[in-house]
Every structure is written in structure tokens, then in C-alpha cells.
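Colleague: Just passing along the structure, written as C-alpha cells.
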Amino acid sequence: MKQTQFQRGRVEITMFGLLGLFLCFSNVDASIHEYRMEAFIPKANAFFFHGGSEGLYASKLHEPTTASSSETKPSFKGKSIISFDSVTFLRPKESAKSQQEMQQNTGLVEAIILEVKDRERIGGASLKADAICCNKQLADQGSCKLGEVIIQNNPNNFGWPRRIKTFFQGTNEEAKMDVETVEMNSTGMYYLYFMFCDPQLKGTLIKGRTVWKNPNGYLPGKMAPLMTFYGFMSLAYLVLGLAWFLRFVQFWKDIIHLHYHITLVIALGMCEMAVWYFEYSNFNSTGTRPMGITLWAVTFSSVKKTLSRLLLLVVSMGFGVVRPTLGGLTSKVVLLGLIYFVATEALELVEHLGNINDFSGKAKLFLVLPVAFLDACFILWIFSSLSKTLEKLQIRRNLAKLELYRKFTNALAVSVLLSIAWIGFELYFNATDPLSEFWQIAWIIPAFWNMLAYALLVVICVLWAPSRNPTRYAYMEGMGEDSDEEGIALTGNGGDMAMKLERQAIGEDLEEDKRE
């Protein structure tokens, strides 16, 4: 009773935690970057605010984006753009009052768009100066204009990095950017910064939004290939599901409980990939991510990941093959699965329901570490259980099931080695690409994990496929289960001794199940 109340309390805490995360992201943005009274950060002799960064492909069409009439909206089909929508700067009252009412320009804020390869062209690095803003010495040399951000134009790309100026007028506390759309004619990772050099503007805030769009839709460049990938994986799960269903129906009389678990994982994988494809497709066409669709996709993904790991664990324990039940281990397995689901759901919610920009490294580490630790627990428990199961099968001389589990162990070992190698590659990739210069191939990192999970599921489906000979994989009552299925005769004193050892092993297994 106490254990039940304790578990119920954990579930309630879990639900409140997930509800808190849900409410934190009640307004989900995607390629629309919202600025809600954000502050500028001082750096060197400048103040800046990071307005966003995304991978953008070059425009396919290059016609002017201006409309033919004021009532007709311009068409951006086939174009890659960054559009400024109602971006407003608010300076402190003290700064505004210190200005002359009749003075025209009393403060400058610059919006700077640059491709990541041009980052060294911002600031005084090329002029052998530490300043970001032009000072009197550099202005006297004719290198830049006093009070503006130093920008060295790219000779191979005229007009870039792009600078858009917005001035405060007189004693006004607000300065609103003109509605402007900037077209991208080259493929690259683009960064947007809002900057000012005047110390009197310290404390200025920004509000509004910018809209980023690729030629084929609003999906960021990093995410665009994943929509095609999820479509492909949806078809792959559909094919696997049809093949499994036909086999399931053909041998429905020989179905064991493990087959229902496999069927559930296949169905969840199919739904997960289909929902992600629909979510990405909707995102691509509208530029926003409806919370309902994204939440369903995240939840499907978390449930599927949890059940997939539980499937590997119970198969390794020999459930339905070597032992009819998990005995006392059931509550421990369920508890580990519940904790893993909560940790994964929290990580997925923050990753997919937050702003399109990556969240901070500390926040990511805080959420990734529990998932990594739980994955390690699963791996250790799986291989420990596999070792015990193989030992039992060797004692019972059950060669058919022993061969089955050896194949499964080999497949699992290969997947673990591939996972370790891929984690190393992922760490190297992130360490050597802090500015996302290789954004066009970044999609293969999450795609690999989906492919690996699918491959393991296929292996399990092949090894434990329903058949006319259920004794090959199913637990059977009586001595038939413990005899050699390959026809090894147990005769004479040696055979009697072997039978005694098998009976002793069975008795020990049953006692072990009860203890667990």
C-alpha cells in the first residue's frame, strides 16, 4: 500500500512537471523569431542583441519583391528572405529627455545580417583594432564612420554584410524599423544582430519579430531534409507493419505475449514518423508550429523510445522464451520505463517547443544528462540479463533458443558499438562546428538514431517472427521446454545426470523469479 502511494505521488509530481513545461511554451514560434522587450548586451565598445540564426538556401527566383500596388502583397515563392515585421526599439526616458526636441537623428540602432563566413568582417579585426564600433581614431583614418558598427564589405558579394539603419527622432522614446524584406542570393548560415554604439542608449529594449523563409517554405535549412526523411521512414514502418501483420494473421494460433509488444512498438513507430512528417509539412507551409501537433509528435516519440528500450530489456530477460513472467522484476522495469519517459519527454519538449534557436548549453546539459544516464542503465541491465539468459540456455542445452539469443546478442553488440562511434562523431561535429557552418549535413545526426532503432526492431521481428514451430522462441511448460530441440539423445548415466542438472536449473530459475 505504501509503495502504491509512493508511486502515485511520483506520477502526480511527474504530471505537474510536464504541465509546467507545457505552460512555459504556450506560445510556440518557429521561423518567426519573436522579440519580447529584450535587452542589449554590452561587448567591447558596442551593445548587441542576437536576433536569430538559420541556414538559408539561395533564392531560386530573383524578381523584385515589391508589389505592383499597395493593396497587393508581394509574392516570396521560390525566394529566401528575412522580413522585419514591427521591430521597435525603446530607449530609457532619461536618454530621450537629454536630446533636443527639434534634432532629427538622436540615436542609431543598426540591424546587421551576415553570413557566418563573413564574421571577421564585423568589427575592427581587419583594421587591427579591438573595437566593434568606429572610434575617432579610426574615423580620422577614413576607415569607417564615427558612431557606426565597423563593417568591411565582401568584394565577392556586393552589399554584404547587410546593414539597415534605424534612427530615434528628437525626444521620442521609440524608434520603429521600416518594414523591409532582405533576399538571400547565396546559400549559407545567416546571423542577425541588432547593435548600437551610443552609450546614452544603454538600457534600450527591442520588441517585434522577424520572419525567415527558405525557397521551398519556412522550414529552417537544418530541418528541411528531415521532412523528406520522416516521409521515407513512415513508408519503411508501413512496409514492416504490413509484413508483420500478414505473419501475425497467418500464425495467430501460435502468438505469444511478446508478439503483442512488438506489434505495439511497430504501430507507435509508424504513428511517430507520420505525425513528425505532418508537423514538419505544416511548419514548412505556415511558418509556425501548432503546439497540439508538436506535442503529439513529441509524446509519440517519447513513448516509442521508452517502449523500444523496454522491449529490448524484456527480450534480454527471456520473457516469453525462457521465463513465463518477469516475476518481482515487473515493478522495477515499469518504474525505470516511467522515469525514462519523463526525462525524454522533458528534453523533447524543450527542444521542439522552444524557439528555433538552440537553447543554452547549460540547459541542454541539465536535460541531456539524465537521459544519457538512464540509457546507460538500460544498456547495463540488458547485457546483464542477456548473460544470464544465455547461461540458462546453455545449462538446459536448448540449442535452438541459444542460437536465437546469440544472434540477438551480436546484433545488439553491433548497435552499441555503432552508437558509441556515432556519439563520438556527434561530439566531434558539435565541437568543431560551434557556428553551424556545416548545417546542411546536421540532419544526419538525429536521422541516424531513428535508422538504428528501426534496424534493431527489424532484427527482433525477424528473430521472433510468428511461425508454425512456436517452441523455437516460446516458453513451454513441462520437460519439452528443457529438452534439446535439435534431437540430442540423453542416454545412459550421462543423460540421467544431464536431466538432473536441467531440473535443478529450472528449480533455481523459479526460485530466482520469486526472489526478484
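In case you wondered, yes, glycine gets a Cβ from its N, Cα and C as well.
TrEMBL entries are annotated by machine, without manual review.
So TrEMBL says this about it:
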type	residues	note
TRANSMEM	223-246	transmembrane segment
DOMAIN	225-470	domain 'GOST seven transmembrane'
TRANSMEM	258-278	transmembrane segment
TRANSMEM	333-353	transmembrane segment
TRANSMEM	365-387	transmembrane segment
TRANSMEM	408-429	transmembrane segment
TRANSMEM	441-465	transmembrane segment
Colleague: List, by number or range, the same-chain residues at least 6 past the transmembrane segment (365-387) whose CB is under 8 A from its CB atoms?
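Modeller: Answer is 309, 312-313, 316-318, 336, 339-340, 343-344, 346-347, 350, 405, 408-409, 412, 416.
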Colleague: How about long-range neighbours of the transmembrane segment (408-429): same chain, 6 or more residues beyond its ends, C-beta under 8 Å?
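Modeller: Sequence-remote neighbours of the transmembrane segment (408-429) are 312, 315-316, 379, 382-383, 386, 390, 438, 442, 445, 448-449, 452, 455-456, 459-460, 463.
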Colleague: Under an 8 Å Cβ to Cβ limit, what residues of the same chain, 6 or more beyond the ends of the transmembrane segment (258-278), are close to it?
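Modeller: Residues 226-227, 230-231, 233-234, 236-238, 240-241, 244, 248, 293, 296-297, 300-301, 303-304, 307-308, 310-311, 314-315, 319-321, 450, 453-454, 457, 460-461, 464, 466 contact the transmembrane segment (258-278) from elsewhere in the chain.
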